[in-house]
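Structure first, then comments.
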């Protein structure tokens, strides 16, 4: 928590875990400023769609640039508290799992990505929505505006790799409190657990 008592909270989890809905509800509950990543200024023109090491490195730097530009917005609202729908650990989980073959192991991958991100503001608290990738993919396929992926198996494997990274990151290797919630439960349960956990830090 920063000196004046305000708080910066990041909500993390794989696609389909319910981050955006929860971020909005937590912002309403706390009165905190709601933001998200990628930001509205993010340029998708250079994003690489392939899930491989080279594309993941390119995408990581694009998202990191957006995040550094996001810092001013976050700083301007910290005094009243900030909620972010995705933040740095989304990049580490998504792009890290794709670029891992460039490094010795997961630890070295994460260490390098955190070093590149060392000047950004880190959150005071993380809410991690844990969900089985297969269930998350079913949810995504039910969304009317969700682009249907022709290779469901490939996307499922990607979500499994990302989930593995999230689980490892939030297993205790970072010195940030993490509220872990079973996002496979009914949404009201997820919301209540998030608020209950959050109240211990407010």
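Placement of Cβ uses the backbone N, Cα and C atoms for every residue, glycine included.
Quantities reported herein were computed from a predicted structural model and do not represent experimental measurements.
Database features, via Swiss-Prot:
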type	residues	note
BINDING	13, 14, 15, 16, 17, 18, 19, 20	ATP binding site
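Annotated features taken from Swiss-Prot, shown on the structure.
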residue	record	Cβ neighbours (10 Å)
13	ATP binding site	26
14	ATP binding site	26
15	ATP binding site	19
16	ATP binding site	23
17	ATP binding site	28
18	ATP binding site	21
19	ATP binding site	23
20	ATP binding site	13
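DSSP classifies residue 17 (ATP binding site) as coil under the three-state reduction. Other residues of the same chain near the ATP site, with their Cβ within 8 Å of the Cβ centroid of 13, 14, 15, 16, 17, 18, 19, 20, are 129, 131, 136, 183.
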